[in-house]
Structure formats: structure tokens, C-alpha cells
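The [4Fe-4S] cluster 1 binding site annotation in Swiss-Prot covers C35, C40, C46, S275 and rests on sequence analysis. The domain 'Radical SAM core' annotation in Swiss-Prot covers 46-264 and rests on sequence analysis. Residues annotated as [4Fe-4S] cluster 2 binding site in Swiss-Prot: C61, C65, C68.
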Amino acid sequence: MDAKKPSWLRVNVPGGERYQKVRETLKGLQLHTVCAEAHCPNVAECWGGGTATVMLMGDVCTRGCRFCNVKTAAHPPALDPDEPRHLAAAIAELGLDYIVVTSVDRDDLPDGGAAHFADAIRRLKEIPGLLVEVLTPDFRGDPAAVRTVGRAAPDVFANNLETVRRLTPAVRDAKATYDQTLGVLAQMKREFPQVVTKSSIMVGLGEQEAEVVEAMRDLRANGVEILTLGQYLRPSAWHLPVVEYVSPERFAAYRDQGLALGFRYVASGPLVRSSYRAAELFLRGEIESRTKPR
């Protein structure tokens, strides 16, 4: 398909004082962001609001998912042991109260980078008042790696299902499977019940509505509490084409179906991404309510 984008996919041009401050601070501290690396359409809204999704473990991924614009290689550069410290310094300088930390996949590392991720979480948690959401790799489903991240006590743990079961082999790298993602999410909720669990689905890749609802049910059955759904947008001619531009009305219907299935919050819209600011605002209130003394 990939015809002309509909009007509801127009985005704001990045700008503003807060946007520039976030951009320059992250650039100065040599931190990679999904906002820039993946050409996120919400960069103006998020950076302008003083938040960002920061990417750990470099900007080269060991997987080649057919929807993703991040660079790939079998053997990326070695990890920078100072990266967690640099990250905490950047967030402290920006004065944020909520940060989303994600990463590339690092299948070349024995633990998939779990210890590096956990180090970053612990350093960030030392910043007073900061809530930490992590969007991690699946660590090839390794329970020990998932446990390492859980023990670092993130406030929110996300791992993205990305698409429906039928399309997973065509959309995601062969190392990533539908059930592996569900297993990682289930383990986190089972072993660390205080951590809010979250996942995301892209639509417009040729899925059927019933398949999206089935994926929602699978996520709920594995303890996922927060769901985001957004339109797949093709990053380049080398990536999967858009099969359909899903209407705002259908996104609204997906939201209603998700809430009926028991998700505590569903962000569903054409420009929604997994690290979506509206979901962040809900999560902040949710976490604070869980931690208040009763």
C-alpha cells in the first residue's frame, strides 16, 4: 500500500526552548535516544515536555526486525562501562521526574546486557523523586537475565509484543518469538508483582481485528497491565510496507476493547508509541498510588 499518509498522521515540527535543552543535553553527554534513532513522530511532544526515551548499550542492534530503523550488526562495539553513570548524570541535569530507558538487543553478550541495564536502573533510582520505566530486550527468554533486571527495581517494566501471532515471523527477527515475549512479561509480574508491566502492539501490517483482540487477551493472561497501540509507519524502502492506515475510530474501538479486557490503561491512536507521554502521565499517578502508605 504505502499510499499518501492520511491527515491524522501529521505531526508537529520539533522546536521550543525545552525541546532544545533536552536535545543539546543528550547530545552533549553522548547518549542515544529512540526518539532520534527510530525517527519517532512524537519527538516534539516528548522533548518539548522535558522527557525522552534513552537507549542503552550503543546504537547498533544484533537483530534485524523488519519494522525497525536502528542499525544492525552481528558484533556491535563493546559496552561502555561508564554509560550508566553518564545516563544518570544527564537525567539529573535535565531535572526530569520520569524517564524511559530502552536498549538495542545484544545477543552477543552472555547475559544480553542485563547487568548493564540493572546498573543503569540502580543509578537512576538514586535520583530523588525519579520514576524509572524500562523497555528491555527479551534476553532470549533467559530467566536469570530477566531476574537481574527485576531485582534492580524499575517502576515499570515493558517488553513489546509488536504484532499479532501470525505476523510475528515476518515482522520480527527470528530470535524474537511471540511466546518468548509473553514469557518474559509473565515472569516479571510473577516474581516482582510490585512492578507495573506494559507492552505495545503496532497495527497496519495486515493483521485482522480479531487477531489484535487475541493478542490483547494473551497479554492480559500473562499479567500485563498497560497497553499501547499505534500505527506502523515505514522508516524506509528497505522496511515492511504499510498495509493499512488504521482509522482513529478503530483505534478508539481497540482502546475500549482493551479496557474491557481489564488493562488498567490503554493508549491507542495513530501516533501512539510504546513510550507514549500520555501513558507516562497515567503511570506516574499509578505508581505513586501504589507506594503511598495506607
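For all residues, glycine too, the Cβ spot is worked out from N, Cα and C.
A mean pLDDT of 92 is what the model gives for the domain 'Radical SAM core' (46-264). Just so you know, the Cβ of C68 ([4Fe-4S] cluster 2 binding site) picks up 22 other Cβ atoms within 10 Å once every protein chain is counted. Here C65 ([4Fe-4S] cluster 2 binding site) comes close to E162, V171, R172, D173, A176: these same-chain residues lie at least six apart in sequence, with C-beta atoms under 8 angstroms from its C-beta.
If you draw a 10 Å sphere around the CB of C61 ([4Fe-4S] cluster 2 binding site), it holds 23 other CB atoms from the protein chains shown.
Other residues of the chain with a Cβ within 8 Å of the Cβ centroid of C61, C65, C68, the [4Fe-4S] cluster 2 site, are R63, G64, F67, N69, V70, T72, V104, D105, D173.
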